[in-house]
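What TrEMBL lists as transmembrane segment is 37-55, 90-110, 122-144, 156-174, 194-219, 231-248, 260-279, 312-330, 392-412, 432-453.
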C-alpha cells in the first residue's frame, strides 16, 4: 500500500492526467502516511546511490561497458577513472546533500500544528521541486572548496549524528518495553488473563535470550582460544542477569510498581541480538593448522560458506540495512515517540489494555474523516491538527542520513571500505554494535535507578 501511494504522488508530478490514472488504481490511504512514504522513498533512492558508489563491482562494470569512459570522466572533471564519484568521499558528499535537505525542512516545519498553514502545504506537496532540490544539494556538495578539510570535519559531524540516531532508537526501545508492561498490567484489574499473557511473553523472551546466548557460545567459541568472544558473551550475559535482578528488587518495586521482568526480558533479547550482530561483524581470526593451512576459527562453519558468495551477501545485507533504517525512522517519528522523547506520557488511569497496544485506537478513521478527501483516493486525516511532528520527522531523517553515511563507509575504517566487504567484518562496526548493546543496558538501568534519587515518586515508567 505504501508503494502504491508513493507511485500516486510521483504520478502527480507529471500532471493531473497521470495522477488520476494512477490514483484510481490505489486503495484509500491517509495523506499523512503517503507524505512520510514519499520522504522515505527519496531517502531510499539516495541510500541505493551511496551503495552503488561504494561498490567495486559497479565501478569495474562501468569501465568495461561504457564507451569512452575515461574521456567522459575527464570531461566532467571527475578524475581519470571517475574516482571522485566513487568511494567514501563521494558518499560523504551525497549524504551531506541529503542531510542538508532534511535539515532545511526541519527548520522550515518548526512549530507547525495546523496542516492548513502555508508551511504545511510545502511539507505535504511540491514533490517534483523537492526532488530537484535534493538532487541539486547532493550534486552541489561535489563543488565545495577545500575538500580535504570538509571531509575531515564532516566525518566527525557524521559520527556524532550517527551515534545520536542510535541513541534515539535505543531510548525508544526502552520506552517501548515500559509501555508494553504498563499497558498489559492495566488490564489485570479487570481480567486476570492478562497475568497469564504477561507470564507467557516474559517466559518466551527469556527463553529466546538465554537460548541465543547459549548458541553464540557454541558457535562463536571453542575450547581453546576465542578468549575475546568468551569475555564479551560473559559480560553481556551478566548484564542481562543484572537488569533482571534490579527490575524486581524491592526498592525499585516500591517506587515503580509497573517495573517487572517483561521489560528486562525484552532488553535481554535485544542484548542477545546485538551480541550476535557484533560477533558476526568482527573480523575473522585465521590460524595455521598442523598441515600449515589457514583455518578460520571462532565463527560458525556455515557462515564461512555463506560469505563466499559476495553478491548474495551484499544484496541481502544491503536490503536488510535499508529496511531496518527505514523502519527505525518511520516508527520513531510518530506522535507517541515524539512525546516520549520529550518526557510526556499518558496518565496510567487512561491506559486501556489491548494486544496491539502500539496502535492508538484514536487514529482510526471516523465516518467524517472518510468523507473528507484530497484527490480521488487520499483521505485527509489532519483536519483537526497534525498527527505527527513534522519538524521532528525531518530531524530523525537528518540523523539517519548521517548514520547511513557512517555505516556504508564502515565508520572509521573508511579508507579500505567497499560494499562487497562491508558484511565480512570490520572492527569499527563491531565496536559500534557492542557499544550500542551496553548503552541500551545503561539506558534501561537509568530508568530504574533514576526514581530512587528523587524525593517523591512522581517519576514513573
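Glycine is no exception: its Cβ is also placed from the backbone N, Cα and C atoms.
Among the listed stretches 122-144, 194-219, 260-279, 432-453, the one sharing the most Cβ pairs under 8 Å with the transmembrane segment (156-174) is 432-453. Within its own chain, the transmembrane segment (392-412) has Cβ neighbours under 8 Å at 36, 39, 43, 46-47, 50-51, 54, 88, 91-92, 95-96, 98-99, 102-103, 105-106, 109, 157-162, 164-166, 168, 321, 325, 328-329, 332-333, 338, 341, 419, 422, 426, 428-429, 432, counting only residues six or more beyond its boundaries.
A Cβ distance under 8 Å defines the sequence-distant neighbours of the transmembrane segment (122-144), meaning residues of its chain 6+ beyond its ends; these are 9-10, 12-13, 31, 35, 38, 42, 46, 84, 90, 93-94, 96-98, 100-101, 105, 108-109, 112, 115, 150, 390. Tertiary proximity for the transmembrane segment (90-110) is limited to same-chain residues at least six positions away from its ends with a CB under 8 Å from its CB atoms, namely 42-43, 46, 49-50, 53-54, 84, 119-120, 122-123, 130, 133-134, 136-142, 144, 151, 154-155, 158, 161, 390-391, 393-395, 397-398, 401-402, 404-405, 408-409.
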